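As written in TrEMBL, here are the features:
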| type | residues | note |
| --- | --- | --- |
| TRANSMEM | 44-67 | transmembrane segment |
| TRANSMEM | 134-159 | transmembrane segment |
| TRANSMEM | 165-186 | transmembrane segment |
| TRANSMEM | 193-212 | transmembrane segment |
| TRANSMEM | 218-239 | transmembrane segment |
| TRANSMEM | 274-298 | transmembrane segment |
| TRANSMEM | 310-328 | transmembrane segment |
| TRANSMEM | 349-368 | transmembrane segment |
| TRANSMEM | 374-398 | transmembrane segment |
| TRANSMEM | 405-422 | transmembrane segment |
| TRANSMEM | 442-464 | transmembrane segment |
Amino acid sequence: MNISHDEDATGEQERLLSRRHGRDGILEDAQGANLKSTPPLTRVILYFMAVHFLLAFCEMILVAPLIKLFENSLCLRYYDFPKDGVQETLCKAPEIQRPLATIRGWKSSFDMIAVLLVAIPFGRLGDRHGRRQIMGLAVAGVVFSLVEIFIVCAFPRIFPLRLVWLSSLLLLCGGGLNAASAYMWALAAESHAFYYIFSAFYVAELIGSFIAEITIEITPWIPCGLAVASLIACLTLLAMMPNTRKSSLDSRVDESTKSSGMRDILSTLSNRNVLLAVPVFLVGIFRYTTLNILIQYASVRFRLRISTGAAFYTETAVVNIFLFMFLIPQLSARIRKERNVRPQVIDLFLVRSSVALMCIGCLAIGFAQSGLLLPIGVFIFASGFGSRVSALSLVAYWIPDDTKATFFAAIVVFESLGHAIFDPAMQQIFASSLKLAEFWWALPFFVGAGLYFCAVVSASAIRVDQKEIDVQDRDEISDHED
């Protein structure tokens with residue numbers, strides 16, 4: 001892989017990447033001492049990009065097929081298993097769609113509870129005994145969980161659909177896909193290539209959603225099989241991956257991070273700007289929850305096929321690949337160079353504009369009176385998906401280097417808790433709205449727009465102090481001189 005190092009084109013990328021690594025003396029000394037023992041950077045980047053691609057591919061390709069399988073199971077039971085099957089249009093009855101939304105919502109909640117319970121303990125085990133092994137355990141847990149779901153859906157006469165909730169118990173083996181991704185970022189912490197690795201997610205989203213859209217009409221079992229195959233390939237890749245763990249670095253960092261994590265988090269939250277950024281992280285969890293509901297909503301309201309709804313993920317991926325790989329880095333680098341605008345100011349603008357776009361996009365989806373207008377709303381909505389990355393980049397300016405890892409880990413737990421609470425809540429709102437007039441079936445999107453508007457108000461109150469910027473610049477110069 002030949003990575004360009006053009007300064008103007010990648011200046012913004014390097015700035016975003018650098019914030020995810022500590023600059024304290026312990027890390028720098030340890031990295032220098034172990035430089036010769038680590039694999040070549042390009043090789044490490046390729047491994048991590050492949051791992052992230054496979055994990056994201058599994059997640060993205062399963063969204064629409066699982067809805068289809070769940071709907072089929074409920075539909076067959078509702079119509080008492082007719083010999084010739086059931087036409088898809090008959091499965092759109094509210095008596096089927098309401099329990100479908102409820103079951104999906106609670107399953108998402110139970111999955112997130114598994115992350116909350118085991119992610120941090122397994123992460124500590126990974127620090128002590130090897131992160132590759134723990135990540136492999138998490139991926140294996142996902143495989144077992146999917147097998148349980150597939151068995152329940154394959155035999156609807158024997159197993160009621162609610163038994164898919166038991167699959168969350170199997171995610172206690174490592175924490176699921178979210179935890180596996182978190183362990184991957186811990187593995188990649190010294191690769192200095194977060195941007196390239198992160199871009200693999202949107203490539204996987206584009207490919208996975210496209211394949212799902214094509215194959216689901218043949219049978220939803222094809223994308224399900226591909227999802228399991230991607231996880232098996234991921235396990236194989238983890239076994240082949242070179243060791244990036246530096247024993248001396250890990251031991252010294254462990255000794256330097258024994259301070260109270262909760263005290264560090266509370267101290268960080270005492271900063272007014274960091275506290276105002278919290279709503280941005282909270283509403284960010286609704287991005288894919290909204291798209292997930294949209295597939296079912298479009299199927300019920302506008303009679304779009306579920307495979308057509310999967311195309312919304314493809315559209316989202318295309319928009320974000322363009323934004324993250326081309327427009328934002330190039331435009332930001334040019335503005336910084338020609339206008340001498342500080343990175344903090346650019347980050348704040350991106351945060352504000354992103355949450356505003358998601359608010360407007362939700363309203364556009366909700367007010368759309370035709371399925372032909374939905375892609376316009378999705379385009380606007382997807383354009384704001386960079387809110388989380390921009391917010392992470394922004395708050396990094398106000399977080400001490402020795403507490404960044406703790407704070408970012410707390411954000412992951414916080415977001416998982418939000419998923420556990422709000423995913424079933426949004427699904428319940430949708431299920432309840434199906435009892436109302438057709439216009440109010442879009443109620444989840446109006447609720448989402450209201451939440452995003454709260455984030456707009458909160459982000460508008462964030463202020464970047466030029467004096468703080470000057471102090472931080474002097475500190476960075478001093479760190480480099482040391």
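Using the three backbone atoms N, Cα and C, a Cβ is placed for every residue, glycine included.
The shown structure was predicted, so the numbers you read here are calculated from the model rather than taken from an experiment.
The recorded stretches the transmembrane segment (310-328) and the transmembrane segment (442-464) do not share 3+ CB pairs below 8 A when only pairs 6 or more apart in sequence are counted, and are therefore not in contact. Counting Cβ pairs closer than 8 Å to the transmembrane segment (218-239), the top stretch among 44-67, 274-298, 374-398 is 44-67. Just going by CB pairs under 8 A, the stretch in 44-67, 134-159, 374-398, 442-464 that sits most against the transmembrane segment (274-298) is 442-464.
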